[in-house]
Each structure stands twice: as C-alpha cells, then as structure tokens.
Amino acid sequence: MKFSQWYTLTAPLLISSLYTVNAANDLRGVASDKSDLYKPDAKGNWKCLGSDKLISFNQVNDDYCDCPDGSDEPGTSACHNGKFFCKNTGYISSYIPSNRVDDTVCDCCDGSDESLIKCPNTCAQKAREYLATLEEHNRLVKNGLKIREQWALESAKKTDEVKARYKEISDSLVAVSAEKTQLSEKVEKMKRSTDLGAEAVLPLDFQDLRVALLSLVDERNEMQERLDILTNLLDELTLLYETDKFDETMKEAILSFEDLKEQEIRRKVSSDDVHNYLESCNNHLSMLTGPSEDITFSSLIKDIKKILNSLVWNIKLSLINFGILSPSASSTPLTDSESYRRFEAAQRDLDAAEENEKSLEKEHTKLMHELEYHHGWDLYRAIKGMETKREIGGYTYKVVFYENVFQDSILLGNFASQEGNVLKYENGQSCWNGPHRSAIVTVECGVENEIVSVLEAQKCEYLIKMKSPAACSPDQLKQSLLNTQNSANENAVNGMEDKESSVDEL
C-alpha cells in the first residue's frame, strides 16, 4: 500500500486518538496561559471564545469547525480562521495559521504542528542565528549612538555660540543705536550753527541727493539689464522649440537663470531717502533766502557767490568720483574753516554708525531666526551641510543635510521640512511638462552616512533611503525574545503577525 493511501485511511483515526489524549491534558495548539479558557462547564459544555455559541467540549479539536471564530479547533486545520500555537521551547513562541497544521510541512521549529511525520527540532539552531543577528543589530545601533552623541555635543556647543553671539550683537546694536542718535543730533546742531553756515552744508545736502538719485538710476539700469537677459532667453527657447537641441538649450537657460538670480543686487535707495535729502536742501536754502534785517546788496552778492562756489565744489566732487579730476582739485575755501572740518568729521562718524547699525540689524535678524527655528534633530548645527554621494543607475546622487539634493547637476529640491527621520526637499528644477522636482529622504540608523536606494515613485518625485547615525535612538536597541523557560509564554509575543515581523526586522 502506498503512503498516500495509508495516510488517507489512517490519518482521521490517528488524529482522533491524539486529540482524545490531549483532551485529558493540555489541548494541542493552545498556549499554557490560555488553557484556562478551554475548560468545560459542569454539564460538559464549552462556549466559543468569540461568540455565545455553546457546544459540547468533546467537539473541541474534533477536526470539525463549529465556532464562527475557529476557536474550537486550535490544534487542527478544520477552521480557515484558526491559529495554532507553536511552543518552540528554547526559541520564540509563535502562532501559525491553522491551515498549516498536519500538512506534512514543518512550520514550528519544535515540529509540534505535524503529528503524522517526524520533524527535526531546529529551535536551538534558530536561537543561535537569532542571537547572532540580534547582537549585530545592537552593535550597529550602539556604534551609531556613540557617533550621534558626539554630533549632539558639537551641535549643543554651536548653539551656545549662536546664543552668545546673539547677545553680543543685541548689546552692540543698543550701543550703536544710541551712538547714532547722538551723532545725528550733533550733526543737525552743527548744520544749524552760525559758525558753519547753511552755505557750507548745502553742498553736502546736494551731494546726498545726487548719490541717492544715481543709486536709483543704477538700480533701474540693472533691472533693465536683467529684463533684457530674460527676454533673450525666452526668445532663444521660442526659436528652438521642437528642435533636437531644445532639451539641452532648456537646461542651459535654466542654469543661466539660476546664476542670474544669485547675483547680488546693489543697495537700494528708497524714495523716502530722496525726499529727505530734498527737504534738507530746501531747509538750508530757506536759511539763505529768509528775511533778514541785515541783508544788503553787498551781502546778497556774497551769499550768491558762496552758493555758486558750493555748486562748483559739488561739480568738482562729482568729477573726482568719476575719475576725471584728481582729489587735489576738490579743495575749496569752504573746507578751510575749522567748523567745517569738525562738521565733516561728525558726518563721517554718523555715516559709519548708520552702516554699522544696518550690518548689526541684518546679523541680529539672521541669528534670531536661527534660534527660533525648531529642527527635527537635536544635532542640526553639527550635520547641516554634510554631503553624502552615491552613484546609482548611472546618476550621481548627492544629499546635503538641511540644504539640498542633486541628481548630477539637476537640483531635486531644497530643504523644506522634517518629520521625525524623514526630510523633505521641495522646489527643485522643473521637469519638462511636469512639476518641480522634489525628494523625500527617509533616514535609518547606521554607523555612517550612506545612500541606500533611490526610487522615482512618480514623475519627478524621488524617494531616497539613507542610513546615518543621526537616525539612531536607544529605543532601537532590541531585547532578546527567546523563551528560556520550558513553558510556553504567550506574553513573549504580541500575536503571530507582530512576532514574525519582529524577527524579520532583525
């Protein structure tokens, strides 16, 4: 008789006799801490675990599914939704689907799922492999944590330096603002001084006005140049549309546009500055032309002469600035007086104080934003700017923490936000007939910065996996789940699915 024929005839009898023996002791397929759930009542009946259905206790493990939840057949394959408990002494207790019970395939390492064939006990071997994998995993996490701790210390030190610099700038800003106020009052007082005279400061008023107007003209000319460049780029793209060179030209045009955007714009002068200079000129002209009891024809001629001398001095100064005259040609009688020299020195001090204040305000604002921004990692300042490169699929990918991501020379995105160990980079270069490129970088614990994989999940949207000590956490250290006692402990697992995934993750 063939084995298959013998198995078909004898299996029901053997299984039935086995289940009868187990009925008197622990039920097959039931964890020891669940055995109390499988006790008959005084009448020999038993209630299904997942419903109110009452059956005879003799129907438990009789190879026929009576309960809707399959709880009456923990040790057979009768119920499609049942589950069998593998004790796996020396390894990790687990559950398997009950349709794998007595299918002549050994699923439990202790072989308890197969009653008709002899399964080798592989629990000890699996335990050794598991412990080796667990030890290696924890070693990597610990090494990554050591590096991360160093980065965190560096970041904390840099944060303290930023805070100290912020306080220093704040104190300096207060002092410079007070100094500027004093100098401004001093200069205004000197302008109104009879020793200096309005005719002496009027050229300075005109000089300020001239500089402001020239700055506005320069700004207008620069903007016109930028407009002309952009217009030419668009004209070239229009002419090359639907040609073989369009993609290449498009790339060059975009790079040119990026370079153009990065060029520094000259200092802007607002219309308020021009208005203030005009008002100052008007005030000092009023001082010259206002009614006076002492005005005579002779004094009027002298005043006109002084004004003309001032205008000539202003013109000479302009010619010197343009490199037409030498500085020696700028001397005029107005600069000979001690009062004027003191005024000129005070004006220089005021200009220097104003420039210093603007510089301090700019740095103060930058530091304030830096301190107010909350980053996802406490080691932000230590790793900002760190580059990680790898060639994948013929492209060189570069990830710069908290800055940008590149595919060769193509910008995939600038850093936008962080959620946990996921960094988002957005507003990269535009795809042809598509959106702006973007990248999501998911970082896992590792002993060094490494790009693991790159996937273009959707058009121009890239998913990048990395390893880095930055993503290591003490929570990632795993404890052994081995069942070291000779008793099934279901508390060692949180269900069949959780257990299998926990082991696989190692």
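Note that the numbers count up from 1, one per residue, in the order the chain is shown.
Using the three backbone atoms N, Cα and C, a Cβ is placed for every residue, glycine included.
The disulfide partner of CYS431, as annotated in Swiss-Prot and taken from the candidates CYS460, CYS472, is CYS460.
According to Swiss-Prot, CYS472 forms a disulfide bond with CYS445, chosen from CYS281, CYS445. Looking up the ranges 251-254, 383-386, 503-506 in Swiss-Prot, the one annotated as motif 'ER retrieval sequence' turns out to be 503-506.
Checked against Swiss-Prot, the range among 42-78, 264-300, 338-374 recorded as coiled coil is 338-374.
Disulfide pairing as given by Swiss-Prot: among CYS108, CYS109, CYS119, CYS86 connects to CYS108. Straight-line distance linking the Cα atoms of CYS86 (disulfide bond) and CYS431 (disulfide bond), rounded to a whole number, equals 54 Å. A Cα-Cα distance of 32 Å separates CYS108 (disulfide bond) from CYS445 (disulfide bond).
If you take the C-beta of CYS472 (disulfide bond) and look for same-chain residues 6 or more apart in sequence within under 8 angstroms, you find VAL141, GLY144, LEU145, ILE147, ARG148, CYS445, GLY446.
With the fewest other C-beta atoms within 10 Å around its C-beta, CYS431 stands out among the disulfide-bonded residues CYS86, CYS108, CYS431, CYS445.
Mean per-residue pLDDT, taken over the coiled coil (338-374), amounts to 86.
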